[in-house]
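Features of the protein shown, as given by Swiss-Prot:
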- H26, H261, R358, S385, H463, D471, R522: substrate binding site (BINDING)
- H26: site 'Important for catalytic activity' (SITE)
- H66, G114, P115, L116, G156, N185, H261, F439: thiamine diphosphate binding site (BINDING)
- D155, N185, I187: Mg(2+) binding site (BINDING)
- H261: site 'Important for catalytic activity' (SITE)
- E413: active site, proton donor (ACT_SITE)
Amino acid sequence: MATRRELANAIRFLSMDAVQKAKSGHPGAPMGMADIAEVLWRDFLKHNPSNPHWADRDRFILSNGHGSMLIYSLLHLSGYDLSIEDLKQFRQLHSKTPGHPEYGYAPGVETTTGPLGQGITNAVGFAIAEKTLAHQFNRPGHEIVDHHTYVFLGDGCLMEGISHEACSLAGTLGLGKLIAFYDDNNISIDGHVDGWFTDDTQKRFEAYGWHVIPAVDGHNPEQILEAVKQAQAETTKPTLIICKTIIGYGSPNKANSHDCHGAPLGDDEIAAAREFLKWEHAPFEIPAEIYAQWDAKEKGQVAEKAWEEKLAAYAKAYPELAAEFTRRVNAELPANWAAESQAFIEHLQANPANIASRKASQNAIEAYAKLLPEFLGGSADLASSNLTLWSGSKPIRAVENADGNYINYGVREFGMSAIMNGIALHGGFIPYGATFLMFMEYAHNAVRMAALMKQRSLFVYTHDSIGLGEDGPTHQPVEQTSALRLIPNLETWRPCDQVESAVAWKAAVERKEGPSALIFTRQNLAQMDRTAEQLANVARGGYVLRHCCENQNCPDLILIATGSEVELAMKAADVLDAEGVKVRVVSMPSTNVFDKQDAAYRESVLPSHITKRVAIEAGIADFWYKYVGFEGRVVGMNSFGESAPADQLFKLFGFTVENVVAKAKEIL
């Protein structure tokens, strides 16, 4: 029987060999954390390699994602569908083993990690989801949700500010099933961290309210084993296990230095490591005995079967709850969703209201949350401004309301967004979280990660323009809406009234293949009249709101607008119409969605031969030339805003009927 060290060495040499073959990568972290991983994965981790999507599996997140060969080695050795050939294709085009772990490639990878600090933050989201789902569905004697979230992280993760946001909240919420392993090796890319990272990490996390187990020898399996047992015994606080490790452990000449952090060791050093660790096997060769001891398939199948029996007993005792649990973990919408949500939209169209779109958003939440118990909302300390609370909101606390449906994220925009991604990845919830659009900047990378991972995170942004007014340019978005539109696989909506707002929310809920950004105003907006056909076309991202004649070839001019500027476009069209100009107005609440429509529909809205076009949006002007062409005009922002009442600002920056008409006449 192989020793624990030999089992860990299998990770080390797979990592060394794969990085060497790829001619790039990070061998140091996998070599340094191999002993910790061996104990966690073989003694504690509840998982089934034959079914990576088992609902009650433990979640493992590698926050220091540059050490990706660690998780790839673990998945391969324990029996997931990740072959030795897949490891040989590390970092190659279209492989299952990209340079950083990516969700949806290798089975068993729970989240995409790489930008440091986001993995630990995703892990907080996973742990919130587990605890909340457990309190919503578990009943005495029927614990169908009962799993841990384990996360590996390094110095870089703890230096990133997002780790403070996430770990502070995790302590406040008492996430007792979150267990983090800190790879305390004192090395980062630039060298020994003494010159730039001297925090007392133990005191830092104790101040957050975490249970901290310090000074664990990360190469001593007995100490690691005991630390995990202690961590599992503490059920009211998250645990940080501080593991003293040697980066590149086993490399005689490069261990404990930054030389092994982010580059192949080299053939000579790998040969020296083989001799040092007494590993007599060829590259990518693992003895059958070691494979047998690592294989977790049988153990995992037994564990899942036992859970299925528990679920069957639960279904017998609580059939309605069991059906609801199954629906939610399968990410299926309620049977009445389509009809009820459409009825709500039609009701709004039939009952006009001139309200701020942020208020329209709250009304949509109120209507939809009653249909969607999986909604898990929140705001970054701006609930009264973002209007994200509804009549059934139940804020989650560490002990009280652990079965709630709303998270007070505090002033943590980046943390909130990455936590939402963890909640979405976990399953059972549709997370939404809000802040001012300007503060999206703090969270931009987490929004991008949601899009990359194709997760249904709903990012709500209010106070969307200079319409914010007196708070001034520090709080007035200019380029933010366009920046969001440029993120691949993110659908960005900027609705013009309560109807478009409700449609945007509906589209976001129904979109399973990616996130949405929902952008709303502070100021009131007039509701637009629509025919049934126009109402149906709102969901297509852009549509003709004002026709000038039956024949689509007839317009002299097309005005394109979004959000608060749609009303302005309609008023300008009335003035031009009175002067004999045939004007079509296109409302385009989502350029992303409109661009995905078939060519015939896009041509019906924006006929290519009608080149006289003006776009109107209280955001950066440059974005709109893709629609109006170089000969067109854009009424938009080309500078930062000012501190003044909103009506004065709109006039100052040219968002007036007179200016829109003047711009139109320049090209007529």
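Each Cβ is built from the backbone N, Cα and C atoms, and glycine gets one as well.
A map of Swiss-Prot features onto the structure.
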residue: H26; record: substrate binding site; contacts (Cβ under 8 Å, 6+ apart): V19, H66, G67, S68, M69, H261, G262
residue: G114; record: thiamine diphosphate binding site; contacts (Cβ under 8 Å, 6+ apart): G65, H66, H100, P101
residue: L116; record: thiamine diphosphate binding site; contacts (Cβ under 8 Å, 6+ apart): S63, N64, G65, G154, G156, C157, M159, E160
residue: D155; record: Mg(2+) binding site; contacts (Cβ under 8 Å, 6+ apart): D183, D184, N185, N186, I187, S188, V193, F197
residue: R358; record: substrate binding site; contacts (Cβ under 8 Å, 6+ apart): S385, N386, L387, T462, H463, F520, T521, R522
residue: E413; record: active site, proton donor; contacts (Cβ under 8 Å, 6+ apart): A380, T435, F439, M440, Y442, A443
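Of the listed binding-site residues H66, H261, H463, R522, the Cβ environment within 10 Å is emptiest of other Cβ atoms at R522. Calculated from their C-alpha atoms, the gap between P115 (thiamine diphosphate binding site) and D471 (substrate binding site) amounts to 32 Å. Under 8 Å, Cβ to Cβ, and six or more positions away along its own chain, D471 (substrate binding site) finds S643. Around G156 (thiamine diphosphate binding site), a 10 Å sphere centred on its CB holds 20 further CB atoms from the protein chains shown. Within 10 Å of its Cβ, the residue among the binding-site residues N185, S385 with the fewest other Cβ atoms is S385.
Between the farthest pair of Cα atoms in the thiamine diphosphate binding residues (H66, G114, P115, L116, G156, N185, H261, F439), the distance is 34 Å.
Each of the binding-site residues I187, F439 was scored by how many other Cβ atoms lie within 10 Å of its Cβ, and the smallest score goes to F439. The residue listed as 'active site, proton donor' falls within a helix when secondary structure is assigned with DSSP. Close to the recorded Mg(2+) site, the chain also has G154, D183, D184, N186, S188, V193, T245, I247: residues not among D155, N185, I187 whose Cβ is within 8 Å of the site's Cβ mean position. Spread of the substrate binding residues is 48 Å (greatest Cα-Cα distance among H26, H261, R358, S385, H463, D471, R522).
Its own atom aside, the Cβ of P115 (thiamine diphosphate binding site) has 19 Cβ atoms within 10 angstroms in the protein chains shown.
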